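As given in Swiss-Prot:
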- HIS8, HIS10, GLU74, ASP193: Zn(2+) 1 binding site (BINDING)
- HIS16, HIS41, HIS195: Zn(2+) 2 binding site (BINDING)
- GLU74, HIS102, HIS132: Zn(2+) 3 binding site (BINDING)
Amino acid sequence: MQYQVDTHTHTVASSHAYSTIHDYIAVAKQKGIRLFANTDHGPAMADAPHFWHFVNLRVLPRMVDGVGILRGIEANIKNIDGEIDFFGDYLKQLDIVLAGFHEPVYPPSDKATHTEAMINTIKSGKVDIITHPGNPAYPIDIEAVARAAAEYGVALEINNSSFEVSRKGSEANCTAIAKAAKEFGTILVMGSDSHVAFSLGGFARAQAIIDEVAYPPSRLLNRSPSALLTFLAARGHETVADLIPLFSDDEPCC
């Protein structure tokens, strides 16, 4: 099954990634991806783009050759208070805000601290999707996080890269997250976390977990471009208003 939406990609602006926006568009056309988010690492990461990179994302076209582009960021959770490394009115210029734990910015500590930091990030209202919450380096109280995400309308990511490239040992945690999300009504999204365009839309391992727990397709943000855009608009991203009409006739892939 080919999903048409990918919410998590990195370009050469993050210097440990290897593809340009043009590369992603070309691969998206080949694979039938209709909408993807450009979400380079937040500026607190050592090799992340400069702050101005995110401010200037408005120069990106909305649509190129039938492929929609979301202007976003994968911000870094900085502390137990759930603060991230992007702020203020600049957040309103973005279409989508992801955030997660990254060792160079917020080193692992203990389960209680990780849980409090993640829940505070969810409660902040600044973040739409929590990335790779199944990372075994950052154990969390999965049920507490899933409940908070459901309450505040924040999506949890099942990160496909965690099974193939990094964060090895994530399978059990991600399965538990998917089960908790099913139980508590939490929104899920699959993210490729592509650092090279060839893996855009690669969700095979994440999809296996979604299928294993019989998570409802109606709550999966990848199901259609309009599903993701409606979610983002409901979360206050007025910037997606000009994209919504371009996908008004789409049909869920599943």
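Quick reminder: no glycine exception, Cβ is built from N, Cα and C everywhere.
Cβ atoms within 8 Å of the centroid of the Cβ atoms of GLU74, HIS102, HIS132 (the Zn(2+) 3 site) belong to the same-chain residues HIS41, ASN76, LEU98, ALA99, GLY100, PHE101, THR131, ASP193, site residues excluded. Around HIS132 (Zn(2+) 3 binding site), taking its Cβ as the centre, 27 other Cβ atoms fall within 10 Å, counting all chains. Minimal Cβ crowding within 10 Å, among the binding-site residues HIS10, HIS16, HIS41, HIS102, HIS195, is found at HIS16.
Annotated Zn(2+) 1 site HIS8, HIS10, GLU74, ASP193; additional same-chain residues within 8 Å of its Cβ mean position, judged by their own Cβ, are THR9, THR39, ASP40, HIS41, LEU98, THR131, SER161, GLY191, SER192, SER194, HIS195.
Note on proximity: among HIS10, HIS102, ASP193, the binding-site residues of the record, the Cα nearest HIS16 (Zn(2+) 2 binding site) is that of HIS10. In sequence order, HIS10, SER14, SER15, ALA17, ASP40, MET45, ASP47 are the residues of the same chain, not among HIS16, HIS41, HIS195, whose CB sits within 8 A of the CB centroid for the Zn(2+) 2 site. It is 5 Å from the Cα atom of HIS10 (Zn(2+) 1 binding site) to that of HIS195 (Zn(2+) 2 binding site). Relative to HIS132 (Zn(2+) 3 binding site), the binding-site residues HIS41, GLU74, HIS195 all have Cα atoms farther than 10 Å away. Counting Cβ atoms from all protein chains shown, HIS8 (Zn(2+) 1 binding site) has 27 others lying within 10 Å of its own Cβ. A gap of 12 Å separates the Cα atoms of GLU74 (Zn(2+) 1 binding site) and HIS195 (Zn(2+) 2 binding site).
Annotation note: ASP193 (Zn(2+) 1 binding site) sits in a coil segment as assigned by DSSP. Around GLU74 (Zn(2+) 1 binding site), a 10 Å sphere centred on its CB holds 30 further CB atoms from the protein chains shown. When Cβ atoms from all protein chains are considered, those within 10 Å of ASP193 (Zn(2+) 1 binding site) total 28, not counting its own.
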